[in-house]
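J.: Pasting a structure below so you can have a look.
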Amino acid sequence: MDRAALLALPSLCALWAAVLSLLPCGTQGNWMWLGIASFGVPEKLGCADLPLNSRQKELCKRKPYLLPSIREGARLGIQECRSQFRHERWNCMVATTTSTQLATAPLFGYELSSGTKETAFIYAIMAAGLVHSVTRSCSAGNMTECSCDTTLQNGGSPSEGWHWGGCSDDVQYGMWFSRKFLDLPIRNTTGKESRVLLAMNLHNNEAGRQAVAKLMSVDCRCHGVSGSCAVKTCWKTMSSFEKIGHFLKDKYENSIQISDKTKRKMRRREKDQRQTPILKDDLLYVHKSPNYCVENKKLGIPGTQGRECNRTSGGADGCNLLCCGRGYNTHVVRHVERCECKFIWCCYVRCRRCESMTDVHTCK
């Protein structure tokens with residue numbers, strides 16, 4: 001880092017501290033800003049100046065070494081949300097930190113508090129990201145209060161030629177920390193709708209955590225002469241976060257609408273379906289999603305005008321669906337690149353200049 005950058009760092013931290021002091025502390029979602037690359041390094045700001053509610057700040061002060069894992073968990077959740085919805089009408093768009101006005105808003109804007117299917121997915125994927133990141137840190141030996149899962153040691157099935165060993169991911173600690181950091185007590189809220197939405201968010205947080213636990217897999221290593229695999233050492237490991245994202249996207253597609261008049265426990269909105277139990281890993285929502293086809297400045301919805309689409313696809317990225325029946329524009333993009341490169345002795349590379357034309361389709 002050059003001298004000018006070093007001199008500018010204190011000013012940058014002070015600016016972020018001032019901006020973040022404007023963030024509402026009582027919300028669950030502002031911690032998600034930590035996953036944005038342009039946010040900077042939260043460890044340099046300190047717990048007091050981070051966009052956390054009072055409970056989260058207290059936990060941060062007691063366990064400051066967890067900040068890198070919290071930041072990585074937020075980054076994982078944001079990245080996977082954008083990946084899963086990159087071809088959808090709602091593409092998991094996040095606010096930017098280019099202005100104070102945007103930085104003071106929830107990262108996902110309207111969707112974070114709307115009580116829709118999109119809200120459900122955001123809470124689930126972010127909670128899952130936190131579990132995944134913290135558990136990875138435990139397994140890597142980066143923390144003193146957790147490590148590998150020791151409950152499986154010395155177990156297995158000798159008669160079948162395998163035993164538990166290695167380092168199983170301690171997902172239970174990751175889930176415990178995620179609950180401690182994210183889940184607000186319902187008793188602290190006022191208003192019937194607020195209580196229903198908070199209960200919904202808490203359920204979806206847990207659904208995200210359950211997804212990580214449910215998709216745990218078993219890896220094994222063979223031992224024996226010449227790779228005979230006479231004995232296997234096995235351990236439990238978390239699935240890739242991409243696989244967890246696919247699982248939660250499927251849950252999003254099959255999410256359950258609940259009644260906004262829930263009293264003691266959440267119920268399905270449709271009375272004829274109430275005999276079917278709600279499972280821990282189901283995603284729940286209260287309100288139907290808004291129209292993402294057209295711009296709605298009040299809700300911060302950009303619409304799909306100008307989005308690139310696939311003319312030949314019948315899926316969500318196809319021009320017919322993504323453009324909501326409005327049609328699309330086609331323009332030709334010229335690409336110039338180096339090609340057919342050859343090494344000439346001695347000592348340079350000679351390339352041809354190749355041009356290609358590509359049709360690009362964008363929604364009207």
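Each residue, glycine too, has its Cβ placed from N, Cα and C.
As listed in Swiss-Prot for this protein:
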SIGNAL    1-29  signal peptide
DISULFID  C81-C92  disulfide bond
DISULFID  C138-C146  disulfide bond
CARBOHYD  N142  N-linked glycosylation site
DISULFID  C148-C167  disulfide bond
CARBOHYD  N188  N-linked glycosylation site
DISULFID  C220-C234  disulfide bond
DISULFID  C222-C229  disulfide bond
LIPID     S226  O-palmitoleoyl serine
DISULFID  C293-C324  disulfide bond
DISULFID  C309-C319  disulfide bond
CARBOHYD  N310  N-linked glycosylation site
DISULFID  C323-C363  disulfide bond
DISULFID  C339-C354  disulfide bond
DISULFID  C341-C351  disulfide bond
DISULFID  C346-C347  disulfide bond
J.: Would you say which of the disulfide-bonded residues C81, C293 has the most Cβ atoms within 10 Å of its own Cβ?
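T.: Per the Cβ count within 10 Å, the most buried is C81.
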J.: Restricting to the same chain and to sequence separations of six or more, state which residues have a Cβ under 8 Å from that of C234 (disulfide bond).
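T.: The answer is G156, W162, H163, W164, G165, G166, V218, D219, C220, R221.
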J.: Taking only the Cα atoms, work out how far C339 (disulfide bond) lies from C351 (disulfide bond), in Å, as a whole number.
T.: 6
J.: Three-state secondary structure of C222 (disulfide bond) from DSSP?
T.: strand
J.: Could you state the CA-to-CA distance between C167 (disulfide bond) and C229 (disulfide bond) to the nearest Å?
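T.: Rounded to a whole number, the Cα-Cα distance is 19 Å.
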J.: How would DSSP class C319 (disulfide bond) in three states?
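T.: Looking at the DSSP assignment, C319 (disulfide bond) belongs to a helix.
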J.: Using the alpha carbons only, what distance in Å do you get between C363 (disulfide bond) and C148 (disulfide bond) once rounded?
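T.: Just about 50 Å between their Cα atoms.
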J.: Given the disulfide-bonded residues C138, C167, C229, C309, C346, which one is most crowded in terms of C-beta atoms within 10 angstroms?
T.: C138
J.: List, in sequence order, the same-chain residues at least six positions removed whose CB sits under 8 Å from that of C341 (disulfide bond)?
T.: V349, R350, C351, R352
J.: For C324 (disulfide bond), what residues in its own chain, 6 or more apart in sequence, show a Cβ-Cβ distance under 8 Å?
T.: R89, C293, V294, T304, C363
J.: How many other Cβ atoms sit within 10 Å of the Cβ of C146 (disulfide bond)?
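T.: Excluding its own Cβ, the number within 10 Å is 19.
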